[in-house]
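What TrEMBL says about this one:
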type     : residues  : note
DOMAIN   : B:23-252  : domain 'ABC transmembrane type-2'
TRANSMEM : B:29-47   : transmembrane segment
TRANSMEM : B:59-85   : transmembrane segment
TRANSMEM : B:105-130 : transmembrane segment
TRANSMEM : B:142-165 : transmembrane segment
TRANSMEM : B:171-192 : transmembrane segment
TRANSMEM : B:228-250 : transmembrane segment
Amino acid sequence: MTNALEIEGLVKTYGDGFEALKGIDLHVAEGDFFALLGPNGAGKSTTLGIVCSLVNKSAGKVRVFGSDIDTHLSDAKLNLGVVPQEFNFNQFEKVFDIVTTQAGYYGIPLKKASESAEKYLRQLGLWDKRNTPAMMLSGGMKRRLMIARALVHEPKLLILDEPTAGVDIELRRSMWTFLEEMNRRGTTIILTTHYLEEAEALCRNIAIIDHGRILRNTSKRELLQQLSSETFVLDTAEPLDKAPVLDGFFSHLDDEGAMVVDVQKGQSLNGMFIQLEKLGIRVVSMRTKANRLEELFIRMVEDNNTSAASRGDAA
Amino acid sequence: MRTDAMLTAYKTIVTREIRRFTRIWPQTLLPPAVTMTLYFIIFGNLIGSRIGVMDGFDYMSFIVPGLIMMAVITSSYSNVVSSFFSMKFQRSIEELLVSPVPNWIILAGYVTGGMSRGLGIGLIVTLLSLGFTDLSIHHLPMVILTVFLTSALFSLGGFINAMLATKFDDISIVPTFILTPLTYLGGVFYSIDMLPGFWQGVSMINPILYMVNAFRYGILGVSDVNPYIALAMIVVFITILSAVSLRMLARGKGIRH
Ligand SMILES: Nc1ncnc2c1ncn2[C@@H]1O[C@H](COP(=O)(O)OP(=O)(O)OP(=O)(O)O)[C@@H](O)[C@H]1O
Ligand SMILES: [Mg+2]
């Protein structure tokens, strides 16, 4: 099976001498839904920028569906759609023009470009705004405009750099559904996000990058299995004034007064409920604490900072 | 990219450019029309009637070709410099960078955009001048060739300026401090025969003088310089500036980090 993206030994030193990428290797299989995660300044946008020809690399190889960007750039570009982190359309142009113009740059004649633009503007709920100048769109609409623009030439690989930044929850859910559907129909998707529940909900494989190095590159399942414990939030019928003492479980109260219990892997929940029953505590609802990934992520990045500091190259 | 795809991309860039300057016509089309009408009234009618004959033509007829060229030069240059710089500034240049359009198509598209505005303005100014003087054309191919090539040359100049510019101030320096003085001193308002020998010599190193004179030759049949040498010179300049532009695009300085 071909890889949608292959990155080998990618190095980027910016003009001011700053080394943003220190040799990155990354493989994304065709059909994958892939998340590139990392704190601010980790090098995510730099990596994606190089793949999309917005940033010149200093060393290394990049191949998009087998086309090397040094030798077959035009083929690589035809397979790529890009949603950048920052708004980068002409604010004075109309929504429809922005999308059809982009199609024209890919060599798609106006008639076909208009059909494709209509299809994606409708799917993304922007059709009513087609004659509105871009600057009069809301932030969430601008993000969707960039998605429509990225898809107008039907790329096989879609790259999204923080597509849901500043997007409200409802819209974010509908964008998730949209992206999942795109992926189901065969588009390979790579995204970066700071909302880890987004990566947890959408992606199959994950790479974590920090200070220009890949810390982990693995499947989400494997990553989550690393968690040795799981945290549950329990809402009780009567408010508690202090966390109950449970044999074998650690519990505390969160800011809203809900009971939070850590459960070790393999430990049975029955024991906890029997104890709660005895204490006369009635549990009305229970959920796992979201952002399990977040905990792992924070732990990894912290570990990396510690070891980077001991190597003496912390940024 | 396939040839038909490249043609589509080229047409897309040109359409976008034309859409831009027609959308903001009060900034792009109106001002030169107003300025040139004022020139015609003040220099042509009011002052010109006292100046009398220059190179065998009444003063109004003498300055019309130069004024048309002046409008073409400024409009071509400023169209490309403002459009491309604002693309850089708003980062919508990235729409082109991620797409497979080859650099020479990008350049050709912008130059054509600049020429569309430059030649459009040239046409408007020519039509306006007909309200003040009768234009008879001495040598049509020379007129067309000169105005097209000059427009292309200054569109290229605007492109290079935009590539080098890092802030909005940078896009007005060249038009104000280089283009305008060279045009005024380029024989728009006088024949260099009137100048003392030394200043005639100095004028001869001003490239705009050649373009204005070649164009005036096409319309009136008089020129201070050989119009064919002028044409050859414009072609040489176009070749050099195209090469410089393409090299800048390939290196991506200022547009790619
Ligand atoms: N044009 C530039 N010149 C110099 N340094 C840069 C430039 N662009 C980015 N950097 C630096 O490179 C590093 C990586 O930046 P990058 O934008 O790739 O981070 P990121 O992972 O996308 O962060 P964020 O989550 O904040 O978007 C940062 O330290 C940043 O300051
Ligand atoms: Mg970023």
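Note that Cβ sites are derived from N, Cα and C of the backbone, with glycine treated the same way.
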Using a Cβ cut-off under 8 Å, which residues of the same chain at least 6 positions beyond either end of the transmembrane segment (B:171-192) come close to it? 43, 54-55, 62-63, 66-67, 69-70, 73-74, 77-78, 81-82, 85, 154, 157, 161-162, 165, 199-200, 203-204, 206-209, 211-213, 216, 224
Among B:29-47, B:105-130, B:228-250, the stretch with the most Cβ pairs under 8 Å to the transmembrane segment (B:59-85) is B:105-130
Under an 8 Å Cβ to Cβ limit, what residues of the same chain, 6 or more beyond the ends of the transmembrane segment (B:29-47), are close to it? 21-22, 59-60, 63-64, 67, 71, 74-75, 117, 120-121, 124-125, 128-129, 131-133, 189
Within the same chain, the residues 6 or more beyond the ends of the transmembrane segment (B:228-250) and with Cβ under 8 Å of it are 103-104, 106-107, 142, 145-146, 149-150, 152-153, 156-157, 159-160, 163-164, 207, 210-211, 213-214
